[in-house]
Amino acid sequence: MLVWREESTMTGQQPIRFGTDGIRGRAGELLTPNLALSLGYWVGEVLRQTTDAPQRPFIIGQDSRNSSDMLATALAAGLTAAGFEVWHVGLCPTPCIAYLTATTEAIGGAMISASHNPPADNGIKIFGSDGSKLCPDLQKEIEAHLNAGRSLPYREDWGHLHHRPELVQRYRHAVQAPLQDRQPLRGLRVVLDLAWGSAVAVTPTVFHALGAEVIALHDRADGNRINVNCGSTYLEPLQQAVREARAAMGFAFDGDADRVLAVDSQGRVVDGDHILYFWGQQLQSQAQLPKDLIVATVMSNLGFERAWQARGGQLVRAAVGDQYVHAEMLRHGAMLGGEQSGHILCRHYGVGGDGLLTAVHLATLVQDSGLSLAQLRDQSFTPYPQILRNVRVEDRQRRLRWQECEPLQRMIAKAQLDMGDRGRVLVRASGTEPVIRVMVEAEQQNIADYWTETLVQTVSAHLAA
């Protein structure tokens, strides 16, 4: 048999591994065309084994990064080489791909994006046919093929690439149609920070259709500037614009628009914890929140947890990552979950975080309440002072084995003993960046400041050196 020989993806590299949000890294270094092509082929071969209808299409979308065209095309080449029909929808939010895979009988989907990361990074997220991220067992099977460096077999039943940008409008319609007749945002002035990324594709259109007066920032696709000093990780431009425009609220999206943060009319941050609190209150009042339970993460603020418990609610903490939140939601039968960073999951709407849907729901909730977002924020909870610092650790093995660092473990124990139940420490390796994240939360700002600096110095001295 003729074979198409492919360079091993392991040549000169660490083994390829799925992280908390797919495969992510520097485009052209970790994420090469060869890797994307091989990944496409082996994703196809593995997914083929999971269905009795292997001719179902595979859907690919992308954000605005300069490397996204290259990676999307290479991934599509691998999938067509494996015999699949590929529908490339172009620029879209990640939740658009999740929605389309779940509603078009696709065998799977992929989003080319590195979410909130800088423009030079990129990533590939793989979705199963139900719109959820690929399960760990299938990820491991794909990893094994990639890291074996096998040649890609020649097939005679090639697939074809189809450009289907019109499918993005199906997603847009699904978000706006249930509310469009009611026009719930009529008269609402809102600022949208689209981060030069995927949110550009549909977000302003949906807000306009629901009656809002829209002021858009960073509102075209720009691969050089995606997430640069804008979006959900850099709120200053949004805060300033909301105050200057005297807007009721503002929303900032990340590069692939699967998460969102808000600011109120005073420019104060309304993060994922606040959104969960408001949404949880609403579902609780409608008797639609089983066991009054919300799934959050280890990053969620103690102030939120204690305020929710004071309402008679339960809060379960998952590991960081929306797939872990989703798993805990399924385990506990929860309707609502999310992350402080703005990934919000409500099982009324699907299985993944959706920045646009979350923003529309929050804006509608505020309008229906008769109060302003600022008033709702004031009535919610007082967050504990919380500090999050990232320490760059280039050595991957040191990052993954940070728990074996005895000086750091001793310092963590000392900090926790000092704060008792009035604070907490969280140290973890990022699943998306080469950093160790250090978070300290305490009732008093000076205590949080002290232990954060002490722990950052310890990580720097023993892991980053």
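Even glycines carry a Cβ here, placed using N, Cα and C.
Here the Cβ of SER115 (active site, phosphoserine intermediate) has 28 other Cβ atoms within 10 Å, regardless of which shown protein chain they belong to. Look at Swiss-Prot and you will find SER115 tagged as active site, phosphoserine intermediate.
The feature Mg(2+) binding site is assigned by Swiss-Prot to SER115, ASP254, ASP256, ASP258.
Residues or ranges marked as phosphoserine by Swiss-Prot: SER115.
Comparing ASP254 (Mg(2+) binding site) with SER115 (active site, phosphoserine intermediate), their Cα atoms are 6 Å apart once rounded. Taking CA atoms as the reference points, ASP256 (Mg(2+) binding site) and SER115 (active site, phosphoserine intermediate) are 5 Å apart.
Each residue contributes its Cα atom, and for SER115 (active site, phosphoserine intermediate) and ASP258 (Mg(2+) binding site) these two points are 8 Å apart. Secondary structure at ASP254 (Mg(2+) binding site), as computed by DSSP, is coil.
The Mg(2+) site, placed at the center of the C-beta atoms of SER115, ASP254, ASP256, ASP258, has further neighbours from the same chain whose C-beta lies within 8 angstroms: ASP63, PRO93, THR94, SER113, HIS116, GLY197, SER198, PHE253, GLY255, ALA257, ARG259, GLY355. Less than 8 angstroms from the CB of ASP258 (Mg(2+) binding site) sit PRO93, THR94, PRO95, SER115, ASP322, HIS343, GLY352, GLY353, ASP354, GLY355, each of them six or more residues away in the same chain.
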